[in-house]
Amino acid sequence: MRIAASTVLFGAASAASFQQQAQHVLSGGFGKAQEAMKPISDAFTDAAGRPFESFEDAFSGMTAETKALWEEIKLLVPDSAFKDLSWLSKPKPHHRRDDWNHVVKGADVQGMWVQDANGKSHRQVDGRLEEYNLRVKAVDPSKLNVDSVKQYSGYLDDEANDKHLFYWFFESRNDPKNDPVILWLNGGPGCSSLTGLFLELGPSSIDKTLKVVNNDFSWNNNASVIFLDQPVNVGYSYSGSSVSNTVAAGKDVYALLTLFFHQFPEYAKQDFHIAGESYAGHYIPVFASEILAHKNRNINLKSVLIGNGLTDGLTQYEHYRPMACGEGGYPAVLGEAECRSMDNALPRCQSLINNCYESGSVWSCVPASIYCNNAMIGPYQRTGRNVYDIRGPCEDSSNLCYSGLGYISDYLNQQSVMDALGVEVSSYDSCNFDINRNFLFQGDWMQPFHRLVPKILEEIPVLIYAGDADYICNWLGNRAWTEALEWPGKKDFNAAKVKDLKLSGAEKEYGKVKASGNFTFMQVYQAGHMVPMDQPENSLDFLNRWLNGEWFAK
């Protein structure tokens, strides 16, 4: 399994130690923002398509103001890195299979028309689906023993663009005819959601002998769950092309869900929720907005949940220094000099992020990502502490601090497992660092996707939960952006009473919760970046209570 110690698995910046690892990383919005985000790779080639060999060559035609922003990067990235630039993920070896139980043609679904109550005809479901197909394999539970419930796996195909997204569905252990459906997304960007399946909240985990171990607190105890490897070239997904921004990924997810619920209408009538962590703080506002934008849809979206997410960088990056310096509920990791240095760097960082927010331009957003990650995450990371859990050191740098990732990768690379799931690629990787880099260099990292949340709140509830021991997407920053968000319910939300979170019958609380209208924030005690891994029973408790509408607007 190819993993670089400096790269973030679940959603922190791969540029956190950019100064030390720049060459390795480089080689190895909507509306105005969407228009401005042209591929930065275009700027690193001349008119004939040949790569430039230095910053001077690439940026000689820029204005003085733009050059000044990029001078920050010039100090961090060696010229030699430009000689090996590659902007497309290398396609994995793969072979197409033909042993599928179902194949759903997007063109057929798009061609279905219905009449409304007034006799007017319209498409049964909206969206451009003609280029998509969904392939479905009924997984034999006895082959893998991950769970005994009904399971499906397969691929969403975008044949025109050679994109193939892998998914794995687990039916609810309880009452699948009535229980809700959840789509789970890990972050990265570029990390497999099968990480969430086996390391956090799925029906089983993998031990060091590659044995499957049952999880009594799986999120499919009372809900059916879809785990999706997205964007393409992540996990078991593959493509000859690439996706390098969140908005493009949203189109694929809408198509997947539409075709899946068309094939399985018994699940389409259930409540549907999107949940994820880390960079899913970017994904989920965009994916939810994409779904809600379609009036005629078969996706019964009822809420979204974001755990330890990166959603509003301008607000969240201010809270790295307090978390590292003893103000987040845990002892300080950094000394006074380093804390002062982070304080000194913050105004420049916020200025760069604000420029990104206002322009949406890749030329503003990339410098913001690199400078801020180096200044705000780099000092902490250089201590050797776990960026996902402030309570201890990074114990397995070859697996991004968690040996369990290695076990999962070894398990999923077994041919018997791949055959049982209908996998078409030759290998599984937990994270694709080309994707991580491409999102960074498309300016996606600092895009203000939190601005989509107020519109979402008009239609469905939103839960932001955060393990309070995480550094990389810490609870201080997540609480801060929820309180800073401009929406009609802001005043009431900020004034809402903070209540204890407790298991039924327990005396001691496991966290705090604040809710008003459709907005809820939770702090979960003694949990790092991956709350379901660190607090499995407690996370299942708040999930079930959320699905039952405990904190929804009445």
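Just so you know, glycine gets a Cβ as well, placed from its N, Cα and C.
Listed features, source Swiss-Prot:
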SIGNAL    1-17  signal peptide
DISULFID  Cys191-Cys431  disulfide bond
CARBOHYD  Asn222  N-linked glycosylation site
ACT_SITE  Ser278  active site
DISULFID  Cys325-Cys339  disulfide bond
DISULFID  Cys349-Cys372  disulfide bond
DISULFID  Cys356-Cys365  disulfide bond
DISULFID  Cys394-Cys401  disulfide bond
ACT_SITE  Asp470  active site
CARBOHYD  Asn518  N-linked glycosylation site
ACT_SITE  His529  active site
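With Cys325 (disulfide bond) as the anchor, the candidate recorded positions are Asn222, Cys365, Cys372, Cys401, and the one with the nearest CA is Cys372. Look at Cys356 (disulfide bond): DSSP puts it in a helix. Of all the disulfide-bonded residues listed here (Cys349, Cys365, Cys372, Cys431), Cys431 has the Cα closest to the Cα of Ser278 (active site). Here the candidates are the recorded positions Asn222, Cys356, Cys372, and by Cα distance the one nearest Cys191 (disulfide bond) turns out to be Cys372.
For the recorded positions Asn222, Ser278, Asn518, the largest tally of other C-beta atoms within 10 A is found at Ser278. Separation of the C-alpha atoms of Cys356 (disulfide bond) and Cys339 (disulfide bond): 25 Å, rounded to the nearest whole number. Of all the disulfide-bonded residues listed here (Cys365, Cys401), it is Cys401 whose C-beta has the fewest other C-beta atoms within 10 angstroms.
Distance between Cα atoms for Cys401 (disulfide bond) and Cys372 (disulfide bond): 23 Å, as a whole number.
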